[in-house]
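Presented below is the structure to which this report refers.
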Amino acid sequence: MAKVPDMFEDLKNCYSENEEDSSSIDHLSLNQKSFYHVSYGPLHEGCMDQSVSLSISETSKTSKLTFKESMVVVATNGKVLKKRRLSLSQSITDDDLEAIANDSEEEIIKPRSAPFSFLSNVKYNFMRIIKYEFILNDALNQSIIRANDQYLTAAALHNLDEAVKFDMGAYKSSKDDAKITVILRISKTQLYVTAQDEDQPVLLKEMPEIPKTITGSETNLLFFWETHGTKNYFTSVAHPNLFIATKQDYWVCLAGGPPSITDFQILENQA
């Protein structure tokens, strides 16, 4: 009699083979590091201020962060903006994070120069006129003269009576800036030197009187006055990287440096 094939036997063999394959796969996975597994070696003494590990878990509205060494806040370009020491395995909440962000005692890297939006909040109060009727000569011994009703230029003069004479008024900053802030007025007039953009001629702006308080967009009337020996520099408050300058065959303007001439000699009592 022919033997009838045992279907259950085939199924058992198939199951047995799959079980062996499964065991092999399990064994392989146990001996293989997880893609998400991260391990850290012993920390060197010179690296103690660096962030070592960070584990995050959220429950409800509270974020629990566990730090082994410290937490740092970095900008997108990788520069460290804030650094805060925490105890080992310390858990902090959202309130703690808010306190860290607003803590004025944290180490914060400040920019070298403040944006104009911050400068616009500074108030400058007039103090007094500190110089009367002086002449400005550039490094080529050219004197500043009137080009027309609006603009100034520089020219070599035989008769200094043709040169523009200026008065200089001092202002005090509300942020207690150590720099000397001044306004330049053409003597015996109400015309004030007013800055524009780089390589644009400075304007002569007529006002009814010298401004008692200057803020915001009006800071284009003000300049930081610096002296180095006999050289005088006038940096625009509205554009802190630009100076009053003379330029060949051009009006007096704002410039960052050569080929424009940014240093001047002050000739006083030339009335």
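Cβ coordinates are placed from backbone N, Cα and C, and glycine is handled just like the others.
Taking LYS82, LYS172, LYS212, LYS231 one by one, Swiss-Prot attaches N6-acetyllysine to LYS82.
When LYS64, LYS83, LYS175 are compared with the annotations in Swiss-Prot, the one labelled N6-myristoyl lysine turns out to be LYS83. Sequence-distant contacts of ASN141 (N-linked glycosylation site), defined by Cβ-Cβ distance under 8 angstroms and a gap of at least six in the same chain, are ALA156.
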